[in-house]
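Peer 1: For reference, the structure I am asking about is given below.
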Amino acid sequence: MPVDLDNSSTVSGDASVSSTGNQNLTPKSVGKKKRNLPGMPDPDAEVIALSPKTLMATNRFVCEICNKGFQRDQNLQLHRRGHNLPWKLRQRSTKEVRKKVYVCPVSGCVHHDPSRALGDLTGIKKHFCRKHGEKKWKCEKCSKKYAVQSDWKAHSKICGTKEYKCDCGTLFSRRDSFITHRAFCDALAEESAKNHTQSKKLYPETVTRKNPEIEQKSPAAVESSPSLPPSSPPSVAIAPAPAISVETESVKIISSSVLPIQNSPESQENNNHPEVIIEEASRTIGFNVSSSDLSNDHSNNNGGYAGLFVSSTASPSLYASSTASPSLFAPSSSMEPISLCLSTNPSLFGPTIRDPPHFLTPLPPQPAMSATALLQKAAQMGSTGSGGSLLRGLGIVSTTSSSMELSNHDALSLAPGLGLGLPCSSGGSGSGLKELMMGNSSVFGPKQTTLDFLGLGRAVGNGGNTGGGLSALLTSIGGGGGIDLFGSGEFSGKDIGRSS
């Protein structure tokens, strides 16, 4: 017993000494310099390099009674006090203890360098386990693994209780995942902003400017606005009047059958200028028309000349115009299906256009009629109409041979007569037709050596026949030697001989 007391007194004395020593050292600790940052040890510290086995070892100090292990000897001595076993604590010597630092045994690690050594044994052990050891502990909620048990316990307490929300709306339960995602999200947003800035510099109008037409026209205005009908040009020469002349109708027929009229802005511009359209028609047929002739002929209300050019009973093929404008140049309702044309040459009017997209096709040749049929038709038309309509009913169309060309001479302009070869008088109103009916026309005069009366050739020897007027005309149609019908010699004299 006295030994135990001595031991106890000794221990208590040591404890008291140590306690008094601690009390004496406490004022001195106030004047110590601040701790260095981790990895920046004191240059005078002792550098200790431990083996990986020593760093990974746990419970180096084991209790012989309960076999409980401890990492430090002091912890084991304190544990022994619980078993009423003798225990001994190391006394702090009065000498200044040299500070110890620990380096990582892995050569490639940052903390392998003595200048980056760690000043705590526990710190170097945890570092080695975290960076170079095996991760043994796994979280049941997020399946994250840990090499240090204390880290795993700390994570298990807060796992699932705190959420990290990114600006894009994504939720994260782990802070490290949130940090990684946020870095990627910020980089993506910065790249998008950069591309937008570049596109704005390259195409400023596309990005900033709106279409003024769209702004001016609202959807309601677009829906309420009625669809405009396709614009079709009105009548060619003059606006329709109650007493319309035959010449105006003939000009309409010529323009509709010769010109490829389309529903275009050009036709709309020329709808108030008949001279332009007639000039185009004359160029297509081969006539020479001047503006003065057009103005004079336009004021002429007697339609005899134009009536001889085109028959009022022409077939619908003569009125073939663009189907894009059906209301343009509409034919009369009293038209008959067949024409009294003496010409079989389809190249006089040129190809017509029925539909703008289709190709041009020539008109089919009209069947020839005998002289008897022509006379009967002339008698019928003469009984129902005036002189102008009689000649217009004949439907005599001029055609010449390939060797004969139309003259461009001013004295024999073919535009006012439209194929008759009658001289143009600037101030006259139908005088040419009157002279023809009375027999005083220069057509039958001695100066006219050759008469090309719409395809009815006349020999030089017959130029002296000046009497008769209309009877001479019918006589020249019906018989007599030296008449070359159509001027091309396609039919013999037997076909046109008078039947008595």
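Placement of Cβ uses the backbone N, Cα and C atoms for every residue, glycine included.
Computed from a predicted structure; not experimentally measured.
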Peer 1: Give the range, chosen from 161-173, 174-186, 434-446, 473-485, that Swiss-Prot lists as region 'SHR-binding'.
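Peer 2: Feature region 'SHR-binding' in Swiss-Prot: residues 174-186.
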Peer 1: Under Swiss-Prot, which of the candidate ranges 137-160, 305-328, 353-376, 401-424 is annotated zinc finger?
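Peer 2: That would be 137-160, the stretch labelled zinc finger in Swiss-Prot.
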Peer 1: Which of CYS139, CYS168 has the fewest nearby Cβ atoms, counting only those within 10 Å, among these binding-site residues?
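Peer 2: Candidates: the binding-site residues CYS139, CYS168. Fewest Cβ atoms within 10 Å: CYS168.
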Peer 1: Roughly how many Å separate the Cα of CYS166 (Zn(2+) 2 binding site) from that of CYS139 (Zn(2+) 1 binding site), to the nearest whole number?
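Peer 2: With distance taken Cα to Cα, CYS139 (Zn(2+) 1 binding site) is 23 Å from CYS166 (Zn(2+) 2 binding site).
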Peer 1: Count the Cβ atoms, other than its own, that fall within 10 Å of the Cβ of CYS142 (Zn(2+) 1 binding site), considering every protein chain shown.
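Peer 2: Around the Cβ of CYS142 (Zn(2+) 1 binding site), 13 other Cβ atoms lie within 10 Å.
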Peer 1: For Zn(2+) 2, what surrounds CYS166, CYS168, HIS181, CYS185 with a Cβ no more than 8 Å from their Cβ centroid?
Peer 2: ASP167, GLY169, THR170, PHE178, ARG182, PHE184, ASP186
Peer 1: Return the member of SER51, CYS139, CYS142, HIS155 nearest to CYS185 (Zn(2+) 2 binding site) in space, with distance defined Cα to Cα and candidates limited to these recorded positions.
Peer 2: CYS142
